[in-house]
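Report on the following structure.
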Amino acid sequence: MCIGMYGVKSSQDWRSGIQNGYWAFKWLAWAGLIVLAFFLPNGFIMGWGHYVNMPGATVFILIQLILLIDFAYSITWWEESDDQRYLGLLLVLTGISYIATITITGFMYAWFGKADCKLNQFFITFNLILMLLTSGISIAPFVQEVNPKSGLAQASMVAIYATYLIASALSSEPSDSDGGVCNPMVEQGQTQTTSVLMGSLFTFLALSYSATRAAETFTYSTESEPLMGSHLNAAVESGALPMSSLNAREEGKYPQDDEQDGVLYNYSFFHFVFLIAAMYLAMLITNWDSVVFTKDDLAVVGKSMVAAWVKVVSSWLVLLIYLWTVIAPVVLPDRNWD
């Protein structure tokens, strides 16, 4: 669907009907693909997961991080609102975010940062340094002068998400990491389940927000409606359309097609996001392809340093990407950053 819907500009394209209709056939095809998946050989599934799903999941992580930063900047209207309740709510959420971030960091030092766990100490400390750095720079006078949209509210959202990723990474370390003493949660079966549930929650939130942003980005502008009306009048006067066409448009006599002049969202990108999101969920459930086979040829999904490193790097990336959005208007003042 992603490839097939590439380049669709309006409902005049015959492919638009496939996107917005034929639901009975789509349900049957979906059910058929689910049944077909049970007949695929294990070798094919393992190869697909390693060479296709893993790169796709990595791309989705980057998109997810960008969406988080975009959402953090989208709440600036709370600060500009005349209603003081929004400003008060923003201050409360910012304070709660920083308190939670500091609390989680303290617990991570106590649980995962023992004297012999140097790597864990580095993860926690480096995340704390990046968090303080981004928060401080976001409210620095030289930044506020050219980028007033940055502030502690945005930095707090990024900080708590990055801290969550570090905590999730440390709890994903395997039992043999550093002699098995650096992850006290290694014997608790709920750890993997909690990680999957939290990761799935963030995935669904990212999908919902991306769909909303896509709708806002590609919404058809009503400013061209007068021009459309003039063309419709000209067509009626020339005899190309019957007089009833004018009444049908005004009275809503017939169901109106709101994508005749342009699609409301990018069909191809819509399917692409859901495709890589499915790849990410597959990696999340299999702990990033860290599957161990027992003597009975049973697949056991457990903890792995691969999953831990993916989350750690994601934490660093979200902080660094946000830091770049803060200082970019200062470094490149000639560009339009609105």
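Glycine too: its Cβ is placed from the backbone N, Cα and C atoms.
Keep in mind that what you see is a predicted model, and the values were worked out from it rather than measured.
What TrEMBL records for 21-40 (among others) is transmembrane segment.
Under the heading transmembrane segment, TrEMBL lists 52-75 (among others).
Cβ atoms under 8 Å from those of the transmembrane segment (87-112) belong to residues 75, 78-79, 81, 120-121, 124, 127-128, 131, 152-153, 156-157, 159-160, 163-164, 166-167, 170-171, 182-185 of the same chain, restricted to positions at least 6 beyond its ends. Feature annotation from TrEMBL assigns transmembrane segment to 87-112 (among others).
Listed by sequence, the residues of this chain that lie at least six past the ends of the transmembrane segment (124-143) yet keep a Cβ under 8 A from its Cβ atoms are 101, 105, 108-109, 112-113, 150-152, 154-156, 158-159, 162-163, 166, 170, 315-316, 319-320, 322-323, 326-327, 329-330. For 124-143 (among others), the entry in TrEMBL reads transmembrane segment.
Here TrEMBL flags 155-172 (among others) as transmembrane segment.
The transmembrane segment annotation in TrEMBL covers 192-211 (among others).
What TrEMBL lists as transmembrane segment is 263-286 (among others).
Taken from TrEMBL, the feature transmembrane segment applies to 306-332 (among others).
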Residue numbers, six or more beyond the limits of the transmembrane segment (306-332), whose CB comes under 8 Å of its CB atoms: 58, 61-62, 65-66, 68-69, 72-73, 123, 126-127, 130-131, 133-134, 137-138, 142-143, 146-147, 150, 154-155, 158-159, 161-163, 165-166, 168-170, 172-173, 287-290
